[in-house]
């Protein structure tokens with residue numbers, strides 16, 4: 001309320017118009033040209049110029065309820081003024097007469113209800129009011145999206161990855177085996193599943209267990225791709241947390257290694273004590289089990305799996321595991337279903353006939369009588385006869401064939417718990433071109449090759465810190481860089497050791513003036529991001545990025561296509577990981593793989609072993625891991641004594657690799673491949689994600705948010721911006737905005753190339769946090785506007801209200817799918833008539849200058865009328881609530897009923913559908929219906945309008 005400046009007195013209570021979160025202020029002193037106000041609740045003191053202080057006097061009226069600093073409250077009957085200070089007279093909860101001086105009002109009082117803010121004169125600008133309404137509408141659209149949870153990942157929208165993520169994440173308690181071939185993105189699939197379930201509220205506590213060497217890769221992938229901040233729990237973090245309490249309990253998202261946990265029984269107990277929602281195990285094929293007894297690692301994971309609803313196992317392909325190893329993994333997922341190995345083998349054999357029928361449907365335009373008979377036996381469905389009849393109709397045959405295949409796939413026993421895509425079914429990979437470069441071995445290396453490490457990585461044994469001046473590989477590399485410079489080609493150089501990477505960066509810069517960045521494991525994530533961003537910059541960026549083996553994990557640089565393997569790793573998996581930095585789906589060029597090596601040395605033998613024995617440079621070596629497991633020790637022996645045995649080893653390797661790959665191909669499960677990515681739903685998911693990428697509404701909305709909250713915006717480049725906290729930030733901390741600012745992009749393509757930029761989507765924590773800031777705060781909840789409309793005469797007062805439907809329920813139920821964030825609008829004139837149908841919410845609002853104090857005086861004078869209109873608006877909005885709730889309930893029952901019927905029918909033909917999945921759906925439907933009946937209204941925003 002306004003207050004003439006000459007009546008200002010110490011002890012009066014005022015609120016800040018610009019900082020309402022400070023709470024109720026007390027005037028400490030009034031001087032000639034300034035006023036000092038203490039805000040006890042926030043511990044802040046402000047000094048204002050007397051002539052234009054952004055303050056409003058707090059003056060309650062009869063009927064209001066007030067609270068004292070001592071905690072008791074009363075209803076105000078009348079207000080007296082004594083020496084410029086207000087005294088409230090009324091009755092407390094027991095009916096006793098009480099008086100309360102305004103200086104004794106509770107300092108934590110805040111006017112956060114829209115009507116309170118309107119009556120107290122806390123008027124927000126019209127654009128902020130509209131932003132609040134728009135935010136509700138944007139959130140409602142997002143909540144109902146079929147790809148909610150899949151939009152915000154910094155990944156390309158690849159069909160098989162989106163299909164698996166959507167299929168698995170939508171289940172009650174997903175327990176699956178992800179077994180895609182190398183390079184197809186098992187880590188991304190797991191990240192998408194976790195991200196989806198966290199965004200939709202189905203999962204809160206996640207534990208990821210990986211081998212030690214993959215810890216950093218997972219940490220980076222989860223943060224950079226999915227904005228998931230996992231706590232890395234190793235020796236240091238564990239000891240520190242153990243001193244203060246439970247090392248794992250406080251982390252909702254925890255990342256650790258199985259080896260670390262298995263070292264100490266106390267760590268076992270700590271992990272098993274936590275009620276995880278989901279556990280993810282990478283490299284699960286290393287868990288050993290036999291009927292005679294499991295390994296310690298398997299036994300621990302088995303105990304953990306029995307306590308955890310969700311379980312993701314990332315593993316090698318089933319063929320590489322062998323039938324017994326494959327069964328051991330499935331047994332972890334569902335021990336009740338997979339309890340007997342012989343029964344499992346029989347069941348798998350039965351699916352051979354099913355696979356044969358599908359293959360014939362895929363490969364033959366017409367079916368023979370035997371196949372047709374098999375098809376009739378397999379498909380027992382009310383649509384089957386009509387579909388089989390359509391197989392002979394040229395106009396309908398293709399559709400009938402696809403529909404029958406889908407019905408057959410539903411019968412596949414392990415199809416719901418195992419996903420395995422292969423490069424033979426997933427397209428978009430580049431070809432690989434090998435450029436081997438034999439070089440003479442320098443004399444100063446020849447005498448230092450006592451160890452295997454020195455033979456493979458000779459610079460490691462050199463005592464010359466500038467070894468690179470005499471190493472032919474370095475000079476060859478420099479020539480290669482200069483040769484490719486005119487084409488603006490970028491080169492990714494990977495070497496085994498951290499120190500080698502550091503030295504190579506120095507060598508290229510010193511010898512050739514090359515713009516080169518370096519990447520190794522001792523650098524912080526932020527520093528690596530900067531190096532990666534410099535490498536990605538097409539204009540002024542580095543031409544070369546030198547990475548160590550470990551430092552490059554979790555990073556992809558598919559904008560480059562020249563890969564230099566300065567040395568070779570001993571493990572075929574590591575070689576494939578190196579090539580996989582560039583060989584990704586979506587790579588637009590062939591991959592040029594450059595390999596310098598010293599002639600007549602262990603390096604040359606290792607090069608030939610990979611090239612001639614495994615053909616590992618031209619394609620992923622599916623047999624590489626199995627061959628290395630059997631011949632690894634022999635390989636090391638030959639490398640240690642390269643004078644003999646190499647030719648025989650390479651021939652043996654080639655024969656063994658051919659045999660293993662023949663077995664893999666013979667055991668290729670086409671049925672499983674088809675079930676791991678059904679094209680039509682996968683393509684619909686891709687299109688839905690791309691549609692959100694094309695949505696142009698995000699940036700205008702976010703720019704308006706930044707303007708409303710005092711965030712400075714600078715344009716960086718196309719679809720890229722720099723955000724910084726302004727001097728007059730309205731909140732102590734804007735979501736996800738560092739003090740020194742951040743560069744963001746709205747382009748998925750830019751985000752994939754520039755990991756130093758935030759990729760903003762409607763699911764990014766900054767955007768989600770900004771939505772929460774608006775919808776859970778009071779900013780924009782009370783406003784004043786001037787409107788011109790042809791049907792409304794000038795000089796009328798209108799009251800516009802927006803009531804939000806609230807229905808508190810556990811987020812895991814995802815009730816927002818059926819009852820999204822919903823506003824009910826009313827627009828009442830002074831007679832109580834609702835003009836909302838006549839005047840749309842997007843009416844012609846006219847800019848109009850007005851004095852704040854006059855507006856407050858006007859609002860105060862109209863308080864009684866406005867309170868009546870507010871009550872009427874609530875009644876009108878309440879009358880529409882039952883219909884909305886009934887529609888939401890019916891929509892929920894229809895959708896859940898269809899899903900229950902579908903799953904029940906599937907269970908009749910596929911034993912991998914667990915009974916608890918069906919029971920949980922039924923329980924959820926009952927629970928959601930009960931919660932929907934508790935839906936109620938809350939006034940979210942109010943605007944006083946004057947017609948002009």
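Positions of Cβ are set from backbone N, Cα and C atoms, glycine also.
Remember, it's a predicted structure, so these values are computed and weren't measured experimentally.
Positions annotated as domain 'Helicase ATP-binding' by TrEMBL: 167-336. Annotated ATP binding site per TrEMBL: 180, 181, 182, 183, 184, 185, 186, 187, in sequence order. For 282-285, the entry in TrEMBL reads motif 'DEAH box'. Per TrEMBL, the feature domain 'Helicase C-terminal' maps to 473-639.
A Cβ distance under 8 Å defines the sequence-distant neighbours of the motif 'DEAH box' (282-285), meaning residues of its chain 6+ beyond its ends; these are 177, 187, 190, 208-211, 214, 218, 301, 313-316, 320-321, 325, 329, 332. Burial estimate for the binding-site residues (183, 185): highest at 185, by number of other CB atoms within 10 Å.
Among the listed binding-site residues, namely 180, 181, the Cβ with the most fellow Cβ atoms inside 10 Å is that of 180. Its Cβ taken as reference, residue 187 (ATP binding site) is surrounded by 20 other Cβ atoms within 10 Å in the chains shown. Note on the binding-site residues 182, 184, 186: the fewest other CB atoms within 10 A surround the CB of 182. In terms of DSSP secondary structure, the motif 'DEAH box' (282-285) contains 2 helix, 0 strand, 2 coil. Predicted-model confidence for the motif 'DEAH box' (282-285) is 90, expressed as mean pLDDT. Within 8 Å of the centroid of the Cβ atoms of 180, 181, 182, 183, 184, 185, 186, 187, where the record puts ATP, the same chain has further Cβ atoms from 189, 421.
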